[in-house]
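*Asks:* Can you read through this structure? Questions will come right after.
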Amino acid sequence: MTTIIDGKQLAKEVNAQTKDRVAALTQRGITPGLAVIIVGDDLASAIYVRNKHKKATQLGINSIVRQLPATVSQAELVAIVQAYNADPAIHGILVQSPLPVGLDEQAIVATIDPAKDVDGFHPLNVGRLFANLPGKYPVSCTPRGIMTMLDSLNLHLRGKRAVVVGRSRIVGRPMAAMLINADMTVSVAHVYTKDLSELTREADVLVVATGVTHLIKRNDVKPGAIVIDVGMDRDENGKLTGDVDFDGVFDRAGAITPVPGGVGPMTIATLMQQTVDLCEWSEQLGND
Ligand SMILES: Nc1nc2c(c(=O)[nH]1)N[C@@H](CN(C=O)c1ccc(C(=O)N[C@@H](CCC(=O)O)C(=O)O)cc1)CN2
């Protein structure tokens, strides 16, 4: 029987733990602080940022949302990041992606203090992840949330085959690194990959993050595979759907994430978890 991996329920469990950790910090006179910078008027980004603010506030995190006009200059944006870098009440800083055309997102992310890089996008933290360095550092929230989902299934990942479809900075690349670090044999497919279906059919764990509606169909999936859908696409009726044809794949997979209600809620829960990690690490309170 196929397991539907309930991201909403798992996010609730992660958030409950985060709330307890925030309460313990608050008792010691420390409140985790999160600064979210959003530039321009992209509707989807505005909704995601509102959801982050709402969740952070519910958990007792001090959340600051800095809304900036699309006309803000690169230098002004860098100055704002630097001010949060210097603010001891702020433990996590993120710049909502995408930024309007004309702003250099990579350059701005590189000005975030790596110890406050709650998205795990700073080149230093990306390098640490890819080198599988020991120690405490933030990593990209969506793939970290997916690793939490895989952990919840109590699988034996070592030596199994993983295929990641998509090579984005936010999901595909860090996902591949985390799966390699979990001792899986990992392939990364992308728009130039030939015979995609031949590759995906080998996957014990298939992660799809392409933005192509229903790219993955029943015959692209190995029977019993774990299928993780990171897609957030709109079908012809405007309904939210994923990169995987859920109805076609459902009874062939061993476990599968729905869209909505799968990976998305885990991204925000992991962001909150990581804000508290950064706060604890800065106070040297975190466990190994
Ligand atoms: N700085 C960042 N920018 C972006 C990130 C990120 O991790 N850091 N990820 C995405 C957007 N994102 C968070 O920022 C995000 C997207 C979607 C969801 C989510 O919960 N989706 C719901 C459905 C929501 C809907 O109905 O539209 C779900 O899947 O159930 C959470 C976070 C790009 N930018």
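Keep in mind that glycine also has a Cβ here, set from the backbone N, Cα and C atoms.
This is the feature table in TrEMBL:
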type: BINDING; residues: Gly166, Arg167, Ser168; note: NADP(+) binding site
type: DOMAIN; residues: 5-119; note: domain 'Tetrahydrofolate dehydrogenase/cyclohydrolase catalytic'
type: DOMAIN; residues: 140-280; note: domain 'Tetrahydrofolate dehydrogenase/cyclohydrolase NAD(P)-binding'
*Asks:* Counting all other Cβ atoms within 10 Å across every protein chain shown, which of the binding-site residues Gly166, Ser168 scores highest?
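*Replies:* Per the Cβ count, the most surrounded site is Gly166.
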*Asks:* State the count of C-beta atoms found within 10 angstroms of the C-beta of Arg167 (NADP(+) binding site), not counting that atom itself.
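*Replies:* Taking every protein chain into account, the count is 18.
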*Asks:* Cβ within 8 Å of the NADP(+) site centroid (Gly166, Arg167, Ser168 excluded): which residues?
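*Replies:* The surrounding set, listed in chain order, is Val164, Val165, Arg169, Val171, Gly172, Arg173, Val188, His190, Ala209, Thr210.
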